[in-house]
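Peer 1: I have a structure here, written as structure tokens, and I will follow up with some questions on it.
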Amino acid sequence: MSGQNSDPMGELKRRAAEEAAAMVQDGMAVGLGTGSTAALMIDALGRRWADGLRFVGIPTSERSAEQARALGITLVDFSTHAQLDLAIDGADEVERGSLDLIKGLGGALLREKIVAAAARRFVVIVDEGKLVDHLGSRSPVPVEVTPFGWESTARQLGELGARVALRIKRDGDLFVTDGGNLILDCTFGPIEDPRALEAAIGDIVGVIESGLFVHRTSEVIVAGRQGLTRLVAA
Ligand SMILES: O=C(CO)[C@H](O)[C@H](O)COP(=O)(O)O
């Protein structure tokens with residue numbers, strides 16, 4: 001067995017990741033996303049780094065920091081780089097048309113959102129299975145909350161119409177974010193007005209941030225069976 005084309009979608013995701021990595025230019029400050037697709041992009045940046053490209057990265061998770069460091073990529077923080085040229089990340093859902101997102105199934109939504117908000121351009125890489133007509137069609141909205149009083153925060157999220165589940169790891173331990181917080185996965189079903197829901201979630205005391213990314217995306221690179229497609233925000 002040759003192994004070639006045994007994972008055609010994986011190969012397309014790798015190409016999408018490489019296309020996004022090709023947008024990085026010498027001297028840029030770049031936000032490095034989290035997740036399996038973002039990891040392919042960081043690998044691609046590692047190859048470009050080995051070829052002589054020089055830039056600085058701000059990682060969105062300890063995982064991505066570790067990966068980038070192992071590739072020799074220089075990492076910085078917001079104390080020296082309060083604004084980024086570009087941030088590249090994956091997503092759990094992308095709404096066709098608006099390019100609004102759900103992120104955070106990997107648990108890095110807070111740092112991901114801070115990095116996206118600080119970037120002049122925010123580029124998202126996904127496979128075509130992540131495209132939806134309405135956010136919430138398949139994915140819950142992850143919400144990062146303070147451990148103190150999480151039960152009360154969960155009750156109030158429930159009052160917004162969500163089925164709320166505290167995120168637990170496969171080994172049965174609580175999932176704790178890089179910032180030491182908890183995640184409540186909130187299933188709303190298809191969301192009519194993501195902007196209004198993002199605001200309503202953000203109004204609840206105890207909520208740190210939600211995985212709704214509204215009006216933040218500059219461009220989406222979609223890996224599909226027919227090849228790569230680039231979607232640009234209207
Ligand atoms: O938001 C994220 C992590 O918090 C990821 O970008 C999202 O979960 C997509 O991951 P993957 O590329 O593995 O499907």
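Including glycine, each Cβ sits where the backbone N, Cα and C put it.
Straight from TrEMBL, here's the annotation block:
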| type | residues | note |
| --- | --- | --- |
| BINDING | Thr34, Gly35, Ser36, Thr37, Asp89, Gly90, Ala91, Asp92, Lys103, Gly104, Leu105, Gly106, Lys130 | substrate binding site |
| ACT_SITE | Glu112 | active site, proton acceptor |
Peer 1: Which binding-site residues from the list Ser36, Asp89, Lys103, Leu105, Lys130 come close to ligand 1, meaning a Cβ under 6 Å from one of its atoms?
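Peer 2: Correct list: Ser36, Asp89, Lys103, Leu105.
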Peer 1: Near Lys130 (substrate binding site), which residues of its own chain have a C-beta under 8 A away, given they sit six or more steps off in sequence?
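Peer 2: Looking at Cβ-Cβ distances below 8 Å from Lys130 (substrate binding site), excluding near sequence neighbours, one finds Ala91, Asp92, Glu93, Val94, Val222.
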Peer 1: Could you state, as a whole number of Å, the largest distance between Cα atoms of any two of Thr34, Gly35, Ser36, Thr37, Asp89, Gly90, Ala91, Asp92, Lys103, Gly104, Leu105, Gly106, Lys130, the listed substrate binders?
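Peer 2: Binding-site diameter by Cα atoms for substrate: 16 Å.
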Peer 1: Using the Cβ center of Thr34, Gly35, Ser36, Thr37, Asp89, Gly90, Ala91, Asp92, Lys103, Gly104, Leu105, Gly106, Lys130 as the substrate site position, which other residues in that chain lie within 8 Å, going by their Cβ?
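Peer 2: Neighbours found: Gly33, Ala38, Ala108, Glu112, Val126.
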Peer 1: What three-state class does DSSP give Leu105 (substrate binding site)?
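Peer 2: It is coil.
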Peer 1: Would you mind pulling the DSSP three-state label for Ala91 (substrate binding site)?
Peer 2: coil
Peer 1: Distance between Thr34 (substrate binding site) and Glu112 (active site, proton acceptor) at the Cα atoms, whole Å?
Peer 2: 8
Peer 1: Restricting to the same chain and to sequence separations of six or more, state which residues have a Cβ under 8 Å from that of the residue listed as 'active site, proton acceptor'.
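Peer 2: Counting only residues 6 or more apart in sequence, the Cβ neighbours of the residue listed as 'active site, proton acceptor' under 8 Å are Gly33, Thr34, Thr60, Ser61, Asp89, Lys103, Gly104.
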Peer 1: Give me the long-range Cβ neighbours of Leu105 (substrate binding site): same chain, 6+ apart, Cβ under 8 Å, in sequence order.
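Peer 2: Result: Gly35, Asp92, Ser139, Pro142, Gly211.
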Peer 1: When you measure from the Cβ of Thr34 (substrate binding site), how many other Cβ atoms are you left with inside 10 Å?
Peer 2: 28
Peer 1: State the count of C-beta atoms found within 10 angstroms of the C-beta of Asp89 (substrate binding site), not counting that atom itself.
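Peer 2: So the Cβ neighbour count for Asp89 (substrate binding site) comes to 31.
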Peer 1: When a 10 Å sphere is centred on the Cβ of Ser36 (substrate binding site), how many other Cβ atoms does it contain?
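Peer 2: A count of 11.
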